Structure formats: structure tokens, C-alpha cells
């Protein structure tokens, strides 16, 4: 069996495939809209300018928000939530859960924690070895605890959490506006293209 770090490395590399796919789709849409539609198809200079100006506004906002969502760290718990060396040693040596909870309660007494488990236990991450703040969850893909974790999004290869949640929502909004603008401005040329093709096919068949 392959070592864990090799599997983790392969997982990180494969995680960029959806991002690469989105990047290729965006590059193709830029080529198709700017060159094929605006430069080669539209004859009115005024219409070209209007379409290109608004297209680039939506395009820049979309790319910027996507970039920020990917490369903004979603935020991890601060060092104050980590157990001290002595508490960590006591916790690891102790096998009884009730005494482990006593160690965690003592360590968490001055921390801003209000959420506990269903059994009123302190939430502790064995993997990161820290007391979990409220709404903090461990991401199995990133292998870290994330503050205010929403989910791990494969399309951005990153967790959506405290620090990049705003950028993720902006990314969704700008991608919707980007798609609606392209669909709205391309529709008449799409219909015209297929109308001409169908008429041509009918003439050829007759």
C-alpha cells in the first residue's frame, strides 16, 4: 500500500482538475464571445463596443471572485485553541473518556466556546489536536480544521469558510450574471445562425 503522504499528494494534484476544467471553459467562452461573435459576426460598431465593455466588466468580476475563492485561506483556529504540551500528554495517556473531558473542560474554561456535542462534551479534533471553536469542522480533504466551515467545494479546490465565504457568494453571483449576459446577447445570433442553416438544408434537399 502507498504511504499516506503519497496518496495525499496525488489527491491534491487531482483536486486541481475541476479548476482546470472551469478555466478552460472560461477561456473558450472568452474566445467564442470576443472573437467569433463581437469581432467576426456583429457588424454594428456601436453594438460591438457596448457588448465588449459589459462583457469585460462581468468577465473581470467573475475571474477575480473565482481567484479569491480559490486562493484565500478559509481560516483555521488560532493557537489558543490548541492544548498545552502538558495537557496534551495527559489527554493522550488517559484512556477514560470522562477524564479526557475533564482535561478539555479545564483547558477550554477561558475560551469563547458555547457549542458542545449532543452529550454536552467539549468538541475536540483528534487529527489537529485542538479544541474546536463554534461552527468549526475538520475537512477530510484539506486535513485541517476550518472556522465557520460551510463545505469543501471541488470546483474551487478549497474549503468555503470564514475568510472566503464572501468571495464564494460573489463568485456564484458574478458567474450567474456572466452566463445570463452571454445567453441574452448571443440568443438572436444563435437563432439567426440555425435559421439560415435549416433554410439552406431545405433548399439543398429540394
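Cβ atoms here come from the backbone N, Cα and C positions, even for glycine.
Note that the structure is a prediction, hence the values are computed from the model and not measured.
Residues or ranges marked as transmembrane segment in TrEMBL: 16-42 (among others).
Residues or ranges marked as transmembrane segment in TrEMBL: 49-67 (among others).
Per-class residue totals from DSSP over the domain 'Palmitoyltransferase DHHC' (120-195), listed helix then strand then coil: 31 helix, 16 strand, 29 coil. According to TrEMBL, the feature domain 'Palmitoyltransferase DHHC' maps to 120-195.
Look at TrEMBL and you will find 167-190 (among others) tagged as transmembrane segment.
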Mean predicted confidence [pLDDT] for the domain 'Palmitoyltransferase DHHC' (120-195): 92
